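First up is the structure itself, then whatever we jot down about it.
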Amino acid sequence: MQLAIFGVSTYVAWALRKDKLLGVSKYISMLTIWIAFIIYSVFQILPLPSFLLELLSPHSAAMYDLTNAASRYISTDLGQSKINLIKLLSYFCLLMLTLQLVNTESRVKLLLTTMVASGTFQAVYGSLEILLNASSSLVFGLEVNDIATGSFVYKNHYANFLMLCLCAGMGLLVTSIEKEKNVSPKDMLRAFASTMLSSKALVRIALAVMVIALVMSRSRMGNTAFFSSMAITGILALTLIRNRSNGLLILVASIFIIDLLIVSAYFGLERVKDRIVQTSIEQESRDEVVKEASKIIEDYPVFGTGGGSFYSIFPSYQESNISGFYDHAHNDYLQFVIEYGLLGTILLSAIVLFSLYKGLRAMKKRKNSIFKGVGFACSMAIFGMMLHATVDFPFQAYANACYFVLFIALSMISSSLKIRTRNFTAQNI
């Protein structure tokens with residue numbers, strides 16, 4: 001996947017070599033933050049003089065003193081940090097490709113549709129494995145129980161992926177809602193029928209299928225993140241979108257009523273609810289991991305331990321009351337602070353918050369329904385990921401991270417892309 005991204009990026013960069021900044025000059029603010037973070041990540045794996053390392057990261061210097069290493073770095077796990085840097089570069093190339101190639105309304109809708117199709121495939125595959133009582137998965141040959149995981153190994157990554165694809169589908173449906181000023185019951189019923197029976201009916205069916213699979217994943221935070229982010233974004237949309245349609249309110253309400261209360265009830269919603277209710281701090285070890293991992297921040301506060309180094313640094317802080325091996329912190333916020341320090345986390349936060357601002361701005365400022373819908377999808381995806389990351393590590397799954405990068409790019413596009421009117425003049429509408 002990474003080789004494909006790097007290869008296509010090289011070709012597109014060559015094709016656009018005569019364009020100003022390779023055709024992404026309007027997105028220079030976002031790209032500047034990304035490049036700053038990449039430079040910061042490179043700095044973590046650069047060999048540093050002993051005196052400088054002792055000044056910047058005393059505990060990293062002390063660790064290298066114990067090993068008598070010839071070269072010393074801020075990163076405590078050079079190999080993993082290099083791998084993480086390659087991933088980061090692939091995310092940046094994917095961002096660039098999206099900004100360069102998704103430059104028309106039709107391509108924006110095609111990208112969202114592709115994401116919905118991908119999520120629907122995963123939903124059908126994951127659900128059928130359970131409903132057909134398959135003994136092992138087709139992808140990895142893993143044992144199949146009563147929890148849907150699709151082609152993913154970890155159910156929470158599967159649920160998070162479905163949540164992102166559901167966001168894309170919600171964005172597509174929002175783009176199809178017409179502007180209306182009448183608010184009579186007849187008009188509201190007409191708006192509902194129009195949404196349910198229009199050309200977007202397939203998208204609506206796909207959303208229902210994905211919600212079923214999401215519930216069958218039995219992921220507590222996956223389900224919570226989806227419905228919470230949809231509610232938050234829906235309320236914001238009703239506040240921000242001027243001359244909004246009655247269909248917007250009905251659309252969000254229908255997801256809750258039809259999917260949450262009716263469809264999902266037949267596919268294990270009660271079991272998800274029971275898991276949430278029965279969640280016990282005494283039975284959960286994640287809070288202990290967070291508590292012990294927080295001690296790492298005290299030793300590596302500013303520059304962190306290096307990208308991807310959590311799994312190798314945590315065992316030295318792990319107490320005997322925590323059993324098992326933890327390669328991730330089960331809290332992406334904590335893991336980012338540990339690995340990248342406060343400086344790196346500030347840069348990452350700036351990327352996400354700037355994208356959220358652009359998505360919300362598109363809902364408020366753009367007149368074109370396409371960009372309002374994209375802004376809705378991006379805002380919902382960001383809220384969903386921010387919620388899920390509080391108790392898990394969705395950003396560590398490569399497929400999920402790539403989709404999130406697509407939403408980051410789409411938030412920029414929804415706020416800035418100019419479309420051509422009939423007289424072929426570019427307008428920011």
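Each residue, glycine too, has its Cβ placed from N, Cα and C.
Predicted, not measured: the structure shown is a model, and the values here were computed from it.
What TrEMBL annotates here:
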- 27-46: transmembrane segment (TRANSMEM)
- 85-103: transmembrane segment (TRANSMEM)
- 110-128: transmembrane segment (TRANSMEM)
- 158-177: transmembrane segment (TRANSMEM)
- 197-216: transmembrane segment (TRANSMEM)
- 205-348: domain 'O-antigen ligase-related' (DOMAIN)
- 222-241: transmembrane segment (TRANSMEM)
- 248-269: transmembrane segment (TRANSMEM)
- 333-357: transmembrane segment (TRANSMEM)
- 369-389: transmembrane segment (TRANSMEM)
- 395-413: transmembrane segment (TRANSMEM)
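Highest Cβ contact count with the transmembrane segment (395-413) among the listed stretches 85-103, 158-177, 222-241, 369-389 falls to 85-103 (criterion: pairs under 8 Å).
Note on the domain 'O-antigen ligase-related' (205-348): mean pLDDT across this stretch is 80. Tertiary proximity for the transmembrane segment (158-177) is limited to same-chain residues at least six positions away from its ends with a CB under 8 Å from its CB atoms, namely 109, 112-113, 115-116, 118-120, 122-123, 126, 148-150, 152, 191, 195, 198-200, 203-204, 206-207, 210-211, 213-214, 217, 219, 221-223, 225-226, 229-230, 233, 237, 245, 247-248, 251, 255, 369-370, 372-374, 376-378, 380-381, 384-385, 388, 392, 394, 397, 399-400, 403-404, 407. Looking at 27-46, 85-103, 110-128, 197-216, 369-389, the range that has the most CB pairs within less than 8 A of the transmembrane segment (222-241) turns out to be 369-389. Panel annotation: around the transmembrane segment (333-357), residues 29-30, 33-34, 36-37, 40-41, 44, 84, 290, 293-294, 296-297, 300-310, 313, 378-379, 382-383, 386, 389-390, 393, 395-396, 407-408, 411-412 of the same chain, lying at least six beyond its termini, place a Cβ under 8 Å from a Cβ of the stretch. Within the same chain, residues 1-2, 5-6, 8-9, 12-13, 16, 22-24, 27, 31, 34-35, 37-38, 41-42, 45, 111, 307, 398, 401-402, 405-406, 408-410, 412-413, 417 sit at least 6 positions outside the transmembrane segment (85-103) and bring their C-beta atoms closer than 8 Å to a C-beta of that stretch.
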